[in-house]
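These notes concern the structure reproduced below.
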Amino acid sequence: RIMRPDDANIAGNVHGGTILKMIEEAGAIISTRHCNSQAGEPCVAALARVERTDFLSPMCIGEVANVSAEITYTSRHSVEVQVNVMSENILTGAKRVTNKATLWYVPLSLKNVNKVVEVPPIQYARKEQEDEGKKRYEEQKLDRLETKQRNGDVILPVINPEPHTVGYSQSSLIHLVGPSDCTLLGFVHGGVTMKLMDEVAGIVAARHCKTNIVTASVDAINFHEKIKKGCVITVSGRMTFTSNKSMEIEVFVDADPFVDEPRERYRAVSAFFTYVSLSKEGKPLPVPQLLTETEDEKRRFEEGKGRYLQTKAKRQAQMQQAAQQ
């Protein structure tokens, strides 16, 4: 579809959340189609996890986004989907890849939303493809468990915070989940949640550096629990780390059952977003150094630095490997 002004920021760059929402819609369509391709219990595919996603280049108003999806692995109860996003300038015909993403879905029964149904297997061209997919499945399963176990933090308001501190830029958004946000099962679309998360992360980044900002990447997004229609969700974001030209922002979503639910508030989704600051000409700008004040902030900064260096080393290794080929 064509990118319109309401898809973008004031500088004309399309919001990362808009692209994430399109990616998730493509994944949900192909997963639900596949899981209903054989005779069995009708079901809808629910998003469980999005692997690290890099935004290779900004998309702009007036360009056409083409999103394609392919199922690359199935386990007994989950589906791995690879999604590519291509941007086209319809005036010149120029095309470029802007995003590549890997998503995991689980099929939920239409009759019983708490029941995960079995996934029809796919045919692999080579045995190695199945083995590699199984390895990815085991890795993401372990990471989801570890992430859920360390998710207990909350963001508290800070009175009169100093500029460039964590408290100065931290932000929260409160949203009542309505029917238009939900799937056929009455639970929030993963793409809707990711768009709200990107919106909050973008506010944090813009508050910190006071410039035009764009999403550079999103670390693994883990959907720990479903969010039901009628819940009030709080999407919270805080700066965790800054390098010379990038900002890492932790975002999590807490759900508060609001209608006919005795359940207490719970952590539903968590992820790390990375943003870069751009000049009017679209060139990267230096990012103000994050000022950490508490021991927890210093610990999170060092953890973010570790993720940054790990990603940087991986990218350099990929570039060297590509140069040798």
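One-based numbering along the chain as shown.
Just so you know, glycine gets a Cβ as well, placed from its N, Cα and C.
Per TrEMBL, the feature domain 'HotDog ACOT-type' maps to 1-111 (among others).
What TrEMBL lists as active site is ASN9 (among others). Summarising the environment of ASN9 (active site), the number of other Cβ atoms within 10 Å of its Cβ, over all protein chains shown, is 17.
The domain 'HotDog ACOT-type' annotation in TrEMBL covers 167-281 (among others).
Neighbours of ASP198 (active site), defined as other CB atoms within 10 A of its CB across all chains, total 26. Marked as active site by TrEMBL: ASP198 (among others).
Per TrEMBL, the feature region 'Disordered' maps to 294-325. Remote same-chain residues near the region 'Disordered' (294-325) are listed as 166, 217, 219, 240-241, 243, 246, 248, 250, 272 (criterion: CB distance under 8 Å, separation of at least six residues from the stretch ends).
Residues or ranges marked as compositional bias 'Basic and acidic residues' by TrEMBL: 296-306.
Positions annotated as compositional bias 'Low complexity' by TrEMBL: 316-325.
The average pLDDT for the domain 'HotDog ACOT-type' (1-111) in the predicted structure is 95. Here the compositional bias 'Low complexity' (316-325) is broken down by DSSP into helix, strand and coil counts: 9 helix, 0 strand, 1 coil.
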